[in-house]
Amino acid sequence: MVKLIHTLADHDDDVNCCAFSSSLLATCSLDKTIRLYSLSDFTEVPYSPLKFHTYAVHCCCFSPSGHILASCSTDGTTVLWDTQNGQILAVMEQPSGSPVRVCRFSPDSTCLVSGASDGTVVLWNAQSYKLHRCASVKDGSLVACAFSPPGNLFVTGSSCGDLTVWDDKMRCLHSEKAHDLGITCCDFSSQPVPGGEQGLQFFQLASCGQDCQIKIWIISFIHILGFELKYKSTLTGHCAPVLACAFSHDGQMLVSGSVDKSVIVYDTNTENILHTLTQHTRYVTTCAFAPNILLLATGSMDKTVNIWQFDTETLCQAKIPDQPKQFTENWSEDDVSNWLCAEGLEDLVDIFKMNNIDGRELLNLTKESLADDLKIESLGLRSKILRKIEELRTKVKTLSSEIPDEFICPITRELMKEPVIASVCRCLFETLHSVLLDIYQEMRWLYHTIVLFVIFLRNLHNVFHTK
């Protein structure tokens, strides 16, 4: 179970970010302020709110020790605060003066990264408060940043949709298009993925974006050779752009907040949805887990921050989805094997694999093919398989009937799974259809004109011939 235990409503404008230390919760807002609350009773500390920024505060984060809070703003500055008394320790100005959208401390607290709207990314020395190195991305604003748990590299996300990997010397190691319409947030799980080989460490990275998707990536750290970034999976659940994502401290949960006003909590092991929270009345802009207790904070454009508490059995309550993650016709042979096991037909796995039965082939199986091709002799078993396949066919028809026409290819009538590709494809089809129709209309006009001209010549010829 998860329950709402407190709502903070002190900000006068949209809440942009929230962050936990071991004893405090920080929130920042378009109202130019940062507020600090004690986790013991969620009362505001005496020196809160923190005021310095002259424009909206976009992001705030604690150093790993919790002794320093960083905040960044449209005013082009990143400010470091002493969390014991609210005093300003340093004001660091972005070299370009561009609005600063995101800031993050390194795991060892020695560095701080700030990313700006003009694409510049600055690595600051968090002890001397001096600029250490500076670089920039090719296109878009820098809106997301996360350090890897070992601290030897960090990842930035841009409004153009690129995930960029940097080392601690600000060398660009890798860049990849992750979200078609732009990235909004990214976060590393602090816990390594179990089962890594000797000399290897694997960590999960989550990214979310304007394409309504949350993507999971696996980054492997090879002590001698470097790193590797691989796409793992896409989490579904939101029906609008996803603005925030964050892992729990133990890596067992991932939370996301969206323009659809909902907060979804996922089990990272099964990728099933644990909870969907719908208390906010406007876009959910930020979410964060506490480091040492099962608390979750979510902030919204409704000017509030909700505090949620989980019980200890939450991780055991993952919901089994009502339908497959993918359309059955797109299942791989392994997906079919998993389906057989789930339906109590594990004895048929080897037979189906031997005959390369994937999702499309599964839906096309008949009683004749089961008997003649797969050599399944039992009539009762064949009937059971056919009943299960018919259930899948019914689900496929149901899902297809619920798909808006704009997501169906106008030529093949197949589902287009990428929203941007779907939109472009339909746009191109409609444009081509319009052009061809115009050409057809023009050709008809030309044809009729020629016919009339021929008739006119014939009549003219008849007139002169008569005379």
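Every residue number used here counts from 1 along the chain in the order it is shown.
Placed from the backbone N, Cα and C atoms, the Cβ positions cover glycine too.
For 8-47, 50-91, 93-128, 235-276, 277-318, the entry in TrEMBL reads repeat 'WD'. The domain 'SAM' annotation in TrEMBL covers 331-395. Among the features that TrEMBL reports, domain 'U-box' is placed at 402-425.
Counting Cβ pairs under 8 Å that are 6 or more residues apart, the repeat 'WD' (277-318) and the repeat 'WD' (50-91) reach fewer than 3 and are not in contact.
Tertiary proximity for the repeat 'WD' (8-47) is limited to same-chain residues at least six positions away from its ends with a CB under 8 Å from its CB atoms, namely 53-62, 66, 69, 71, 73, 81, 83, 85-86, 285-293, 295, 297-301, 303-307. Taken residue by residue, the repeat 'WD' (235-276) breaks down under DSSP into 0 helix, 22 strand, 20 coil.
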